[in-house]
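Per TrEMBL, the feature transmembrane segment maps to A:29-48, A:324-346. Residues or ranges marked as ATP binding site in TrEMBL: A:LYS67, A:VAL68, A:LYS69, A:THR171, A:ASN278, A:PHE279, A:ARG280, A:LYS298. Annotation comment: TrEMBL describes A:CYS111-A:CYS153, A:CYS120-A:CYS138, A:CYS126-A:CYS147, A:CYS202-A:CYS212, A:CYS246-A:CYS255 as disulfide bond. The N-linked glycosylation site annotation in TrEMBL covers A:ASN169.
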Amino acid sequence: MPKIWAFITDFFTYETTKSVVVKSRSVGIINRVVQLLIIIYFLCWVFYHEKAYQVRDSGIESSVMTKVKGFGYHNNRVMDVADYVAPTQGAAVFCIITKLIITENQFQGFCPESESKYKCDTDEECDKYLGRIITGACVNSSKGRRCEMEGWCLAEDDKYVSKPVTVENFTIFIKNSIRFPMFNVTRGNFPSSLNATYIRSCTYDPEHNLHCPIFKVGEVLRYTGQNFSTIAQTGGEIAINIEWQCNLDESEERCEPHYSFTRLDAVFQKNGIAKGYNFRFAKYYKNENGTEFRTLHKAYAIRFDILVTGLAGKFNTVPTLINVVAAFTSVGLGTVLCDIILLNFLKGADQYKAKKFEEVSESQIQILLSREGCSQLSIQPEEKISDDSGTVSLCLDQQL
Amino acid sequence: MPKIWAFITDFFTYETTKSVVVKSRSVGIINRVVQLLIIIYFLCWVFYHEKAYQVRDSGIESSVMTKVKGFGYHNNRVMDVADYVAPTQGAAVFCIITKLIITENQFQGFCPESESKYKCDTDEECDKYLGRIITGACVNSSKGRRCEMEGWCLAEDDKYVSKPVTVENFTIFIKNSIRFPMFNVTRGNFPSSLNATYIRSCTYDPEHNLHCPIFKVGEVLRYTGQNFSTIAQTGGEIAINIEWQCNLDESEERCEPHYSFTRLDAVFQKNGIAKGYNFRFAKYYKNENGTEFRTLHKAYAIRFDILVTGLAGKFNTVPTLINVVAAFTSVGLGTVLCDIILLNFLKGADQYKAKKFEEVSESQIQILLSREGCSQLSIQPEEKISDDSGTVSLCLDQQL
Amino acid sequence: MPKIWAFITDFFTYETTKSVVVKSRSVGIINRVVQLLIIIYFLCWVFYHEKAYQVRDSGIESSVMTKVKGFGYHNNRVMDVADYVAPTQGAAVFCIITKLIITENQFQGFCPESESKYKCDTDEECDKYLGRIITGACVNSSKGRRCEMEGWCLAEDDKYVSKPVTVENFTIFIKNSIRFPMFNVTRGNFPSSLNATYIRSCTYDPEHNLHCPIFKVGEVLRYTGQNFSTIAQTGGEIAINIEWQCNLDESEERCEPHYSFTRLDAVFQKNGIAKGYNFRFAKYYKNENGTEFRTLHKAYAIRFDILVTGLAGKFNTVPTLINVVAAFTSVGLGTVLCDIILLNFLKGADQYKAKKFEEVSESQIQILLSREGCSQLSIQPEEKISDDSGTVSLCLDQQL
């Protein structure tokens, strides 16, 4: 037989472990029960509940369009969308203004501050504010003596309290289209089965109108547990969460949004600062002389953040394979427990041990090696004696 | 030998499975072929195609800056960027206004509604609208009798149709810088090899100018399959997707963006509502008396959402190790198949079975135990007989 | 014994691998050292450092509220928040205007262009610009002859340089509330232990005021390594990164933000274009005749992008299990190395091989099969001879 042929013959062999089959009912039952438990665990928890056969992604691509509707009264004026929504473009983050502190007709110039912390008797008291827009002079104002400031005059006086706009009946229409880029699945936040008439007339409610994309401001506030009259006074930040939890192994139609509502500034409530939400903006005018003046608005608003999150899962070979291999291996690991029982606690444990373990010690190998030498010697005595006398003596020594 | 020494000797032993090597060519070939298939599967699919040696992340940090250029005509007036882009700051979401319904010089007051659904003959007919801004009176208007409203007068009349601005030749410059926080890799959407002259003069096209960050509005609409004249009339929402699929084991230079264009409101087309995109905004003025008035704009616009998504992968020891272990274990699982063939379908299956499995039954162990007892007995008869006669009888019983 | 009973007995058996225990100190030590190294690797790197027992998610839900404070001078006018912040609502992306090029009182009409590239001597030279808003006429202007344009007149002249607003002392207050939807953990960017007084007076600094949510513009620019006077002239884009790296197996209190500051347009610096950041916006006015005019502002601004990223990890059974199984299997793979040593390099390797591998060749099986046939023959000679004489001869043939 040539060498290459021997190599090929050697290569195409099949190696399998030699096993000891223990026909003991007790260990047998324990073995099968352990295996069953491991299989149940994998099937029920790992594969069914945790969906370990799926690859998952939370990187969602989302676009939100909003539209607010409603009319409100503020200072005996009617406000419409163009007046109370900011920014006006219908983005994912928008504010509904509930209260305005309006400082009309401000011109650039010099005037006394309005806040009481700028109270003064002499110019010296105003020096500490220098470097800002305080001029350092103490002047008379309608409220008593105040430090003089430079800038838009007269200064804002936010002590004036106006009644907030009743925005409770305003509605917010939300159009949200998302995509899971990893799986290239695109979805909209209301099913295509809803018709235009229904959508125009419905309002979201978690029980009967789960798919309606129109939200009543009052209801949203109620879901977050907020008191409307408080939030309308101080402003606030409300999150409308749209969660997409999609199992893409099922029909795409079942990939639907789930709405939830939280007050975003709730985490900061303990700090006792930054309660509510407000911002300042100005409308600019020019008089006949071409001089610019402005009306400053301090707007208390409810800010709505439409926050979209998603988690999609879809069957993929790699996690499936890894978990199947882990499952098989774990079933195999069940033998570890049974081995412990078999080899330690069972009657006849030593006999089982003897059956399972074949011991080879170095000394045995030594003996085998020497015997082999001797037997080789006895088989081919003529050849060996002449050139390998050392081996003979060694062999004889060891056999003694 | 002291006990501790025995323990150490026992500890430093090496345990390896005893194997049966089957020198059968048929099983050998099946074994190697199965192993080969498993190895090929792992190398080609799991490691090469699925890149299972990488840890991946889709959490991308992105900043988008946009700049629109172009001039358009609307109602015989020239509109520039400051007129038709909203918001003006060049954010990731911006609108290009294509059509404006302008209601000039609105003052707060009372006036008839303009929409035909508010048609009336008597005050009673208007009562159903009460509670909104409808006063409940039915008054004359230029279009016949209408319910009276309170608010900004005259009411908007959106029946008037103006010709949309031809925005097709406008260009959008997009600057997008991203970061994969997990891998701390920062990239920009155009390579640093592009020089200023090229960037100023190029326009994106997927074949010849893949890296050019300037997009022509008309082309973008064409890529989404939209008809320009329709979308200019009703408005619409267009997504410019920037996808970053980066293999960070390669050169960072090859981490490049891929642009795609979709119409965002396409998912809602079946619903037949909310076609197009529009929003209302107002410009506020003051007349000589200081009375505020406004011009209301209903703007039909194309809204562009620059949506950035990313998926980066980089070599990591943990997934690599898990998959290598899974690969090794799977190769081992190949024996399961071969065992089935060997022990069931091959000629001499029973002989192979006998070779592979060594059976130990409880009864054998019983016999062994009793024999051991007997041999112990025979070796040390004097000691045992006196105090352990029970064992003797048991031993004799069993040997019978 | 009925068949079903035999099956059950067969089923409740326990199969364990037969092992060879090699009592060789050298291999034993190698074996244990290899196992130890694998265990250390898994414990220290995979489990402790890489936290492979956790499931991780980078899909974060974030809401950002900002508020800028400060007063600045521009062209001898005092600017406040309503003047220099855009958009005014306090979103995650906002601009602080540092320089304004103001073109006052633009009316719709015809006028010469201002840029020197529109220089002309004859009308013909202006023809190349036709199709835009250029009329094609060459007219006189204060700067010499220029092509005539249609639109808002007079044309903007951005050569005029005004001194930028010193925004260095402005402060940015950031309120960031986040949620990890996969784990339903909500956090705010400053601990609830901070009280209102501290927050109102502190400024962030990475050493002493790590939790203060108020950032000084000058400091932020310094952290990014930017020169204030340059960035104020040309504008720029600054990212304030808020990174949430949370180990949710620990106390939630330790899930804290980490701030970092980068210049976003840094990646584009090599391209030499789009240096800085600016945008145009207009304020609209009406004169006594009701004619609209506007003041165009080209605003150079520092744009701040509050970019929030997060990576949370929490114990989960699936990755834990997979990694534990991988660890166990890897420890098992240590035998591969020891086997190689034992069977190839150790003295008595062939003896070990003979102990580990039991060879079964097809010819052996043939002999066994034939013997079995013969012994069956000898046991039941009367039955077999008559109908199975072929077997007898085969058996005899093989035994020869």
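Yeah, the Cβs are placed from backbone N, Cα and C, and that goes for glycine too.
No curator has checked TrEMBL annotations; they are predicted automatically.
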Outside the transmembrane segment (A:29-48), six or more residues from its ends: residues with CB under 8 Å to it: 323, 326-327, 330-331, 333-335, 337-338, 341
Residue pair A:LYS69 (ATP binding site), A:CYS153 (disulfide bond) - Cα distance, angstrom, rounded: 35
Spatial separation of A:PHE279 (ATP binding site) from A:CYS246 (disulfide bond) - C-alpha basis, Å: 38
Cα proximity to A:CYS138 (disulfide bond), best match among binding-site residues A:LYS67, A:ASN278, A:LYS298: A:LYS298
Filtered recorded positions - A:THR171, A:CYS246, A:ARG280 - keeping only those with Cβ under 8 Å from chain C: A:ARG280
Coarse DSSP state, helix versus strand versus coil, of A:ASN169 (N-linked glycosylation site): coil
Of the disulfide-bonded residues listed as A:CYS126, A:CYS147, A:CYS153, A:CYS212, the one whose CA lies nearest the CA of A:ARG280 (ATP binding site): A:CYS153
Least surrounded among the disulfide-bonded residues, given as A:CYS138, A:CYS147, A:CYS246, when other CB atoms within 10 Å are counted: A:CYS138
Rounded to the nearest Å - Cα separation of A:PHE279 (ATP binding site) and A:CYS255 (disulfide bond): 38
Neighbour-count leader, CB within 10 A, binding-site residues: A:VAL68, A:LYS69: A:VAL68
Rounded to the nearest Å - Cα separation of A:CYS126 (disulfide bond) and A:CYS255 (disulfide bond): 64
Minimum Cα separation from A:CYS120 (disulfide bond), reported as the residue among binding-site residues A:LYS67, A:VAL68, A:ASN278, A:LYS298 that achieves it: A:LYS298
Set of same-chain residues at least 6 away whose C-beta sits under 8 angstroms from A:ASN278 (ATP binding site): A:THR234, A:GLY235, A:LYS298, A:ALA299, A:TYR300, A:ALA301
Secondary structure of A:LYS298 (ATP binding site) (DSSP, helix/strand/coil): strand
Spatial neighbours of A:LYS67 (ATP binding site) that are distant in sequence (at least 6 apart) but have CB under 8 A: A:GLY90, A:ILE172, A:PHE173, A:LYS175
For A:CYS120 (disulfide bond), the three-state class that DSSP assigns: coil
Residues A:LYS67, A:VAL68, A:LYS69, A:THR171, A:ASN278, A:PHE279, A:ARG280, A:LYS298 [recorded ATP binders]: greatest CA to CA distance in Å: 24
For the disulfide-bonded residues A:CYS111, A:CYS120, A:CYS153, the one whose C-beta sees the most other C-beta atoms within 10 angstroms: A:CYS120
Per-residue Cβ crowding (10 Å cut-off), top of disulfide-bonded residues A:CYS126, A:CYS212, A:CYS255: A:CYS126
Cα-proximity to A:CYS147 (disulfide bond), 10 Å cut-off, over recorded positions A:CYS111, A:CYS153, A:ASN169, A:THR171, A:CYS212, A:CYS255: A:CYS111
Euclidean distance between Cα atoms of A:CYS111 (disulfide bond) and A:CYS212 (disulfide bond), Å: 53
